[in-house]
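Q: Before I ask anything, here is the structure I am working with.
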Ligand code: TXA
Ligand code: MG
């Protein structure tokens with residue numbers, strides 16, 4: 001056990017880079033320690049990307065397999081040029097349009113960051129977060145910051161400092177608490193070394209938004225085909241799953257009502273993952289949790305991981321979940337839900 005410090009920071013405060021709490025957290029980072037901090041997507045667990053020991057601490061605290069590379073978080077274009085050998089014109093266009101923001105871009109690496117961080121690959125994934133606390137921390141430390149999501153490997157990503165405390169208390173030097181994150185699902189990961197570029201993980205920036213700027217992009221076939229390994233090593237692992245057995249029910253409300261009614265003949269306790277619009281329609285279920293408004297998919301993304309975590313503190317054995325259209329942020333929502341359900345679907 002190590003002592004985990006808690007720094008509370010108001011993301012709207014002026015001159016965050018010189019805030020004493022941010023400076024204390026930045027000092028930990030430059031001393032080689034690892035620190036969790038909010039980004040606009042989820043909380044990240046940061047360490048000096050150039051220092052093997054810091055990177056090793058990250059893998060160890062999360063229990064993360066060492067073949068799963070980390071994202072480098074930077075705050076300036078100068079830092080990107082230090083890390084990548086070349087930024088092709090389309091990648092530059094993406095940076096100009098979506099940075100700072102929830103887009104991670106894979107480029108050829110200069111070998112400047114730790115080999116442990118890139119898991120020995122010749123590419124490196126780079127992201128410039130827009131969250132003021134993340135930006136201030138990166139600038140105050142003066143370092144490129146390696147940061148995966150700040151959860152125990154396999155758990156839903158943390159969208160609140162409490163989630164980080166739950167998973168990593170006693171294992172990391174500190175947490176910068178900047179309140180709830182905004183987007184709620186992780187950044188989109190796009191491989192800029194292929195033509196056309198390939199989405200390796202759907203996330204905060206939708207396919208439609210990307211295509212508006214650079215034209216057609218491909219989906220990594222490994223995202224949906226069980227016989228093909230995903231190109232982002234992290235996408236092959238079991239992830240986000242609540243303790244109860246979860247099923248997706250694309251047919252929707254009426255079908256879920258039937259399934260819940262049927263469970264009344266079993267001794268299993270049944271949960272329903274639904275939306276504000278439908279929450280009153282499952283009186284027979286033992287636990288009904290909502291993840292936002294169906295009419296506002298952004299609200300679903302924002303709440304999704306907290307709801308999945310919440311099911312673990314409820315006494316349920318099985319969860320039936322509504323599904324969402326795979327357009328816009330819906331592609332990321334459905335990717336996370338299918339993983340949480342380990343691919344189980346009931347027609
Ligand atoms: O929103 C986010 O991206 C959050 C916040 C903290 O920034 N970070 C995050 O990191 O989700 P992580 O480590 O949980 O997910 C990174 C994903 C993994 O699936 C990893 O395999 C993939 O990106 N990845 C990283 N570098 C890669 C590379 N060079 N080639 C292919 N995939 C890569
Ligand atoms: Mg993660």
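Glycine is treated like the rest: Cβ placed from N, Cα and C.
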Q: Pick from 4, 41, 224, 245: which one does TrEMBL list with 68, 73, 127, 147, 187 for the same L-threonine site?
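A: So the L-threonine site in TrEMBL includes 68, 73, 127, 147, 187 plus, from the candidates 4, 41, 224, 245, 41.
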Q: When you put residue 201 (ATP binding site) at the centre and draw a 10 Å sphere around its Cα, which of the binding-site residues 41, 68, 127, 147, 187 have their Cα inside it?
A: 187
Q: Nearest to residue 73 (L-threonine binding site) in three-dimensional space, by Cα, is which of the binding-site residues 64, 123, 149, 157, 240?
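A: Looking at Cα distances from residue 73 (L-threonine binding site), the smallest one goes to 149.
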Q: What does the structure give for the C-alpha distance between residue 240 (ATP binding site) and residue 41 (L-threonine binding site)? Integer Å is fine.
A: 15
Q: Whole-number answer please: how many Å between the C-alpha atoms of residue 127 (L-threonine binding site) and residue 157 (ATP binding site)?
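A: Per the Cα atoms, residue 127 (L-threonine binding site) and residue 157 (ATP binding site) stand 17 Å apart.
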Q: Identify which of the binding-site residues 64, 127 has its Cβ surrounded by the largest number of other Cβ atoms within 10 Å, counting every protein chain shown.
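A: Counting every other Cβ within 10 Å of each candidate, the maximum falls on 127.
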Q: Tell me the Cβ neighbour count for residue 201 (ATP binding site), meaning other Cβ atoms within 10 Å of its Cβ, over all protein chains shown.
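A: Step by step: centre on the Cβ of residue 201 (ATP binding site), count other Cβ atoms within 10 Å, giving 22.
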Q: Please go through the binding-site residues 41, 149, 187, 201 one by one and keep those whose C-beta falls under 6 A from any atom of ligand 2; give the result in sequence order.
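A: Only 149 meet the Cβ criterion.
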